[in-house]
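To start, the structure itself, in C-alpha cells.
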C-alpha cells in the first residue's frame, strides 16, 4: 500500500484506493491574520532558567541533532529546567507558532517552527499525545543554507550544547474557532503501527477548509497543524514542493499516515522527479480549487467536496511569488501568481516566509 501512495504523491495527485475513493481528506480550520514580531538586536539575558518567554532568552540544551542529508537535519532542544506550561495546549488548534533561537557570536536570532514530536532514542520519533508536551522539549526540521549563519551553526552543535531561545510567537491565528467545537478525534493512528485507527473528527459547526502551499522546510507549518494534539477544525489540501521526498526523512511517514487516515489531501511536487509546480502550469491550476464562502453558523455536515475558505503560502520568496505574488518587505503585497488565476484575493490569502 505505502509504495503505491508514495508513487501517487510523486505524480502530484491524490492517491486513490481501488474503489476510487480518495485516501485523503483532512481536518483543519479558518483564519485571519496574526503577526509574529521578531528583532535581531536588543537581546535581554537572564541567568535564571524560567518558563519560556517572549521577554527574555532562556537556556535550552541540544538533546538530539541528526542530519537527514547534506542540507537538512532534525534538532531537539530540551529546557534545563522542566517547563510547567504546555504551549501546545495554550496555543490550541487555531494558532501557528514559532520560537526564536539566538546565535551568540553574531547576536542574531532566527525563527523556527516546532513540531509536536519527541526523539525517543535510536533515531525514533514519537508524536506527542494529547496531554503530553515532552516537559517543554522543542523539535525542529531545519535546512542548512550556505549563507544561513544560524542554521549552519545549529547543524554543527553537539548534544548538551547550550543554546538560548525565546517565544513562543503566534505567526498566524485562525479566528473565531471555538476550542470546544470538536466532538472527537482519535489520534492513535499517529502513534501506533498499522491501519487499525482512523481520525474522523466531528464538529458542532461546519469545518473550515483551507489550502496550504509549502516549499522545502515550509512544510513544518502544515505538519504543526496536522500533528498537534488539538485537531484543526476543518479539511486541508496541501501542495508541497521539494527536491525529493527523501529530504523529509521520517516526516514522510507521518505525511503518508495523515493521508491514509483522512487527515490530509496532498499534492507532492519533486523537482528532481521533474514534477515541479511550474513544469505544467495548466495542470497545476486545475488542481487548485477556487475560494469558497464560509458560514460559521452552518451546522456540521459530512461532505466529500473540498471547499477552501483560506490559502496559506509558506516558502522562499521565489516560491511565494510564483504561488501568490511577492511580499514587499514585511508587507503582504497584492495576490498574484497561480492563486490570482484561480480568483483568490488578498482577503483570503496569507503569505508566511
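Glycine too: its Cβ is placed from the backbone N, Cα and C atoms.
Feature list (source: TrEMBL):
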- 55-175: domain 'FAD-binding FR-type' (DOMAIN)
- 110, 112, 143, 150: FAD binding site (BINDING)
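Distribution of TrEMBL features across the structure.
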residue: 110; record: FAD binding site; DSSP class: strand
residue: 143; record: FAD binding site; DSSP class: strand
residue: 150; record: FAD binding site; DSSP class: helix
FAD site span - longest C-alpha distance across 110, 112, 143, 150, in Å: 13
Those binding-site residues listed as 110, 143, and which of them has the most Cβ atoms within 10 Å of its own Cβ: 110
8 Å Cβ shell about 110, 112, 143, 150 centroid, FAD site members excluded: 101, 111, 140, 142, 148, 151, 154
Within the domain 'FAD-binding FR-type' (55-175), residues counted as helix, strand or coil by DSSP: 15 helix, 61 strand, 45 coil
Residue 112 (FAD binding site) CB neighbourhood, other CB atoms within 10 A: 23
Cβ packing number for residue 150 (FAD binding site), 10 Å threshold: 22
